[in-house]
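Scroll down for the structure; my scribbles are underneath it.
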Amino acid sequence: MPSIEAVGAREILDSRGNPTVEVEVVLEDGTLGRAAVPSGASTGAFEAVELRDGEDRYGGKGVRKAVAAVIERIGPAIIELEATEQRLLDQTLIDLDGTPGKSALGANALLGVSLAVAKAAAAASGLPLFRYLGGPSAHLLPVPMLNILNGGAHADTNVDIQEFMIAPIGASSFSESLRWGAEVYHALKSVLKARGLGTGVGDEGGFAPSLPTNRDALDLIAEAVDKVGLRLGSDVALALDVASTEFYADGSYTFEGSTRTAEELSDYYAELVGAYPIVSIEDPLAEDDWSGWVALTERLGTKVQLVGDDLFVTNPERLARGIASKAANALLVKVNQIGTLTETLDAVNLAHRNGYRAMMSHRSGETEDTTIADLAVAVDCGQIKTGAPARSERVAKYNQLLRIEEELDDAARFAGAAAFPRHGQPA
């Protein structure tokens, strides 16, 4: 396998118009690998650190320091390493940074290099990325968790819950599930217009109307599902990303205009799960509310998927704590939360070995990079959330999954309802 010959980086823009890092790695045979790094809006306190410039340009969000770190510090340290030695490469990056949160060189610098090398190695091997990372058994297409209605930090409205998603679990293939999702998305726009509600979209492409309550959002989606002739529950299930850390302070939650304890908020979720076909709730409680998470998981963990995003931040150490204390039953996977591909794969493997599901995820600040689509198939996630079926930085990932399904042909298998605890064992 060719070794790394050159490493470059540049500042590009993400989908919110903020700078991010793009890295290019060239191998000695001329093979190129390119990767762009995403960025979140609602970020966990325990995520690896993005390196930003803090200067006047771009409101302090420039990434020239991270770009310089790639070119001046990381590049010279990895030249001549074999591109297939991913674990060695990533450990070299971690050691070079030398801080627990990757704050010296920046997780955005490290991740760009880590992913670009993997993509170069796949290309040099003559393999698609999903096959290079996942081996010959990688064939499971994930259920798309389509964020069609936005609130919280992703939209400037009075809706507390950050994401209302649909999961087309009854489809026979990924392509059919994506079609169903797109049809419901367009139907929802019609429903909103008919009621005189706004059809502007949030960061991830979902509509962002002002609504009296969070239940109103679920009812509107249910109407849209019915409008296209699909059955709520068996064809299309519902999912939430509450992002509750955003409204948590001093041990309580400010939700729908009132202050609630973890137990009271758990009562609310129990009511929702009883009233609607909800298969997944992400970050129902805050990243520091471990006791609340344990109690909620004991209460609802056999009925609905409880996903740790801010709780785990794709970090094997935090995930291990969750497994030991029986907090949550699924891991949200965001490559930029931890900063290297190897650590991401380790987190997913730890989750799967302990009976936790894993959901691959984008960030609200995205690019046209499609790495997470391949990664979802490579690690048998069975679930992916990468926004609405709108905005090209979201659709790029879904389109890549269509290509992968086509390439797999008869070997492709769609995760479907079995991906969620409410509908049986994992696929």
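Every residue gets a Cβ built from N, Cα and C, even glycine.
Keep in mind that this is a model prediction, so the values were computed, not measured.
Listed by Swiss-Prot as binding Mg(2+) are Asp241, Glu282; the candidate from Asp216, Asp219, Asp309, Asp310 that the record includes in that site is Asp309. Same-chain residues with CB within 8 A of the center of the Asp241, Glu282, Asp309 CB atoms, the Mg(2+) site residues themselves not counted, are Gln162, Glu163, Leu240, Val242, Ala243, Ile281, Asp283, Val307, Asp310, Leu332, Ser361. Glu282 (Mg(2+) binding site) sits 10 Å from Gln162 ((2R)-2-phosphoglycerate binding site), counting Cα to Cα.
The DSSP secondary structure for Glu282 (Mg(2+) binding site) is strand.
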